[in-house]
């Protein structure tokens with residue numbers, strides 16, 4: 001009976017014929033995040049120094065005079081401009097990515113994961129190319145916004161993550177899914193840690209241009225890997241139209257269409273939980289470099305590199321902790337522990353005035369990144385196998401909305417609180433993290449095994 005149905009579909013599975021080898025998705029995510037993390041803090045520092053030069057602020061990182069410039073209005077103007085242009089880049093990326101990532105993610109449920117991975121890789125490549133031109137030719141910083149928009153148009157990093165997590169869901173069982181999600185996120189963290197260590201030292205030695213050129217080269221390699229080496233995980237990819245409202249409708253139906261195999265309440269509340277977690281994560285990340293550059297810390301590029309590496313270390317420590325804690329605790333309670341440490345780290349950041357205290361805050365985040373793989377796995381188990389792309393494109397949309405919200409709140413709040421408490425945004429982040437802590441605990445207590453109903457083989 002199945003034999004008569006399969007032959008018509010096999011000729012449509014054309015992408016497999018073009019593959020040189022069936023590689024996993026993790027190298028793609030590793031290369032993408034290495035390039036992005038290499039560019040991120042450097043872009044912030046580049047904006048800082050460009051605005052400093054434009055406004056005639058000498059802004060050196062000399063330790064002796066740093067604390068005496070805390071009330072310098074020119075320095076505060078540099079901080080404000082840097083923060084605002086970071087916001088403009090994120091808003092531009094969100095407005096375009098809101099449409100493209102949801103469209104492309106649901107489209108991947110039909111055509112396969114590789115087309116989205118290739119498009120998203122090309123977008124990241126274009127963004128890096130624009131950044132190289134800005135740095136090399138001293139173009140207006142507004143071109144950073146243009147590069148961000150071009151990247152978002154082709155799916156952005158969120159689209160690449162949507163396809164990557166969907167491909168993991170395609171090939172993993174419900175028993176192993178949480179750990180596989182954490183493993184994918186760990187590859188993000190290792191890449192970020194290495195890029196952070198390299199970026200700070202390289203900037204001090206050779207300036208801004210060479211790190212951006214390396215990011216461009218890595219993204220070229222990533223695009224080639226996505227096109228010719230990634231092993232398609234969708235069983236029967238088939239041709240379908242890209243520009244149709246059916247793709248967006250499939251995402252809406254995840255949350256509004258009643259079905260016996262899923263709980264719309266759980267989908268909505270877990271989506272809210274991951275929205276808040278990502279908002280705090282990216283909001284803090286957006287202002288951390290600026291917080292460290294300015295008084296009283298006055299970090300140089302080397303220390304910023306160490307700090308950014310410490311920020312990515314929890315991807316590894318969280319992976320190991322998740323594997324160990326799963327032997328004695330349910331996933332939800334592991335996430336609760338991670339949230340508790342995340343809150344502690346944010347509170348320490350808020351009151352950090354010396355370098356050792358900042359690194360203490362980073363140390364407290366060692367379990368903070370068990371949260372998102374747990375929530376992603378729970379969401380994945382609530383939908384059918386044929387809805388994984390739509391689900392993770394919805395999560396990518398939530399991710400984009402969270403990043404915009406983070407930029408709007410943290411990048412606007414940070415300059416507004418410079419005069420009375422620079423660390424206030426971190427306290428706000430700690431308070432916001434109480435929301436997912438309550439939601440996850442409430443859902444686990446109310447119906448702890450609901451997510452396994454699609455996967456009876458799991459305990």
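Cβ atoms are placed via backbone N, Cα and C, with glycine included.
Look at Swiss-Prot and you will find 156, 185, 281 tagged as H(+) binding site. The disulfide bond annotation in Swiss-Prot covers 66-298 and is backed by similarity to another entry. Swiss-Prot lists 1 with the feature N-acetylmethionine, giving a large-scale study or a structure entry as the kind of evidence. The feature phosphoserine is assigned by Swiss-Prot to 6, 458. Per Swiss-Prot, topological domain 'Cytoplasmic' is recorded for 1-25, 109-112, 155-177, 228-266, 326-331, 377-388, 442-459, and the stated evidence type is similarity to another entry. Summarising the annotation, Swiss-Prot assigns transmembrane segment to 26-44, 83-108, 113-135, 141-154, 178-203, 209-227, 267-289, 303-325, 332-351, 356-376, 389-414, 423-441 and lists similarity to another entry as the type of evidence.
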Same-chain Cβ contacts of the transmembrane segment (389-414) under 8 Å, 6 or more residues past its ends?
79, 83-84, 86-87, 90-91, 93-94, 97-98, 101-109, 113, 156, 158-159, 161-163, 165-166, 169, 247, 250-251, 254-255, 271, 274-276, 278-284, 286-287, 290-291, 376, 379-380, 383, 422, 424-425, 428-429
Across the topological domain 'Cytoplasmic' (326-331), what is the average pLDDT of the model, as a whole number?
90
What is the separation, in Å, between the Cα atoms of residue 298 (disulfide bond) and residue 281 (H(+) binding site)?
22
Seg_contact(the transmembrane segment (113-135), the transmembrane segment (332-351)) with at least 3 CB pairs under 8 angstroms, min sep 6:
no
Between the stretches 26-44, 178-203, 267-289, 303-325, 356-376, which wins on the count of C-beta pairs under 8 angstroms to the transmembrane segment (209-227)?
26-44
Check for me, if you would, whether the transmembrane segment (423-441) reaches the transmembrane segment (83-108) - at least 3 Cβ pairs under 8 Å, residues 6 or more apart in sequence.
no
Hey, which of the binding-site residues 156, 185 is the loneliest by Cβ count within 10 Å?
185
Do any residues of this chain, six or more beyond the ends of the transmembrane segment (141-154), have a C-beta under 8 angstroms from a C-beta of it, and if so which?
43, 47, 50, 85, 88-90, 92-97, 100-101, 119-120, 122-124, 126-131, 133-134
Please work out the number of neighbouring Cβ atoms within 10 Å of the Cβ of residue 281 (H(+) binding site), leaving out its own Cβ.
22
Considering only Cβ pairs within less than 8 angstroms, which of the stretches 26-44, 267-289, 303-325, 332-351, 356-376 has the most against the transmembrane segment (178-203)?
303-325
Three states by DSSP: which one describes residue 281 (H(+) binding site)?
helix
Taking a Cβ cut-off under 8 Å, which residues six or more beyond the ends of the topological domain 'Cytoplasmic' (326-331) line up next to it in the same chain?
178-179, 337, 374, 377-378, 444, 448
